[in-house]
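Novice: One structure follows; several queries about it will come next.
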Amino acid sequence: MQANKRRSLVVGNWKMNGDRSLVEKIQSQFSQASLANMDWAICPPAAYLGLFDSKTPLGAQNVSQFDSGAHTGELSVSIVKDLGCQYVIVGHSERREDNFESDEVVALKVEKILAAGLTPILCVGEPESVRDAGTVFEYLTKQLDAVVTLVGISAFANIVLAYEPIWAIGTGKTASPAQAQDVHGFIRGYLANLDSNIAAGTTILYGGSVKGSNAKELFSQADVDGGLIGGASLNPEDFLSICLAANL
Ligand SMILES: O=C[C@H](O)COP(=O)(O)O
């Protein structure tokens with residue numbers, strides 16, 4: 001680990017991909033891996049969560065903002081906790097877009113995840129039009145404000161943030177290390193304005209076309225503490241090479 005940096009975290013988000021055989025392959029790939037200096041986790045489709053052995057750190061891709069009851073097709077935090085999840089991705093741009101999740105709904109989900117003792121991986125990130133307009137920081141401020149307003153800054157001691165520029169997700173168009181650092185530095189500064197200790201300890205992941213070939217340079221940026229990996233997490237060798245790049 002670099003001096004003054006937080007412990008790295010790399011999370012694989014399979015999205016609506018993968019199958020039983022990928023569950024086996026990833027477990028076998030990681031069973032021999034030596035990753036003592038970083039943390040990692042897999043967020044498979046919820047239906048596969050129960051297929052993993054207890055050695056694989058797990059996260060859910062989503063949870064309901066409700067506790068239980070008549071919400072067909074939804075999963076509560078207690079259900080994903082029961083299935084062994086430590087993490088829950090929340091506010092991913094695909095859910096904000098496909099499922100019309102507002103900043104306020106995202107904040108309610110963060111509150112539920114924290115109350116269950118799980119770690120939210122709170123995603124923020126701008127579309128290309130916002131980047132072109134030069135209003136990235138304003139856009140991210142609004143996304144962050146909604147969560148801070150509901151749960152308070154001290155709750156960020158138990159929240160992982162993920163910066164995912166939408167234009168870089170699944171496009172092969174990765175943010176440059178300098179672009180990523182610029183935004184990660186802004187996010188840490190936003191937190192520091194509210195509480196400098198919380199800001200210094202908050203893990204901020206980068207997500208958007210991370211691969212084995214670009215992971216090391218991205219992760220070496222001062223405020224980049226690891227990655228949220230989509231496509232490359234579906235290939236066990238590629239995902240392991242990204243984890244190894246964070247295992248400093
Ligand atoms: O959750 C993961 C991100 O959306 C990144 O996806 P990607 O690595 O396929 O670009």
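A Cβ is built for glycine as well, from the same backbone N, Cα and C atoms used for every other residue.
Any TrEMBL annotation is an automated prediction that lacks curation.
What you see is a predicted model, and the numbers here were worked out from it, not measured in a lab.
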Novice: Kindly point out which candidate in G69, G152, G170 is recorded by TrEMBL as part of the substrate site with N13, W14, K15, S209, G230, G231.
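Specialist: Record source TrEMBL; matching candidate: G170.
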Novice: Out of the binding-site residues I have (W14, K15, G170, S209), which ones have their Cβ sitting under 6 Å from ligand 1?
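Specialist: Listed by sequence, the hits are G170, S209.
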Novice: Can you count the other CB atoms that lie within 10 A of the CB of G170 (substrate binding site)?
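Specialist: By my count, 12.
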Novice: Distance between G230 (substrate binding site) and H92 (active site, electrophile) at the Cα atoms, whole Å?
Specialist: 11
Novice: According to DSSP, does G231 (substrate binding site) sit in a helix, a strand, or coil?
Specialist: helix
Novice: Out of N13, S209, give me whichever of these binding-site residues has the highest number of other Cβ atoms within 10 Å.
Specialist: N13
Novice: Whose Cβ, among the recorded positions K15, H92, has more other Cβ atoms within 10 Å than any of the rest?
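Specialist: In terms of Cβ crowding, the pick is H92.
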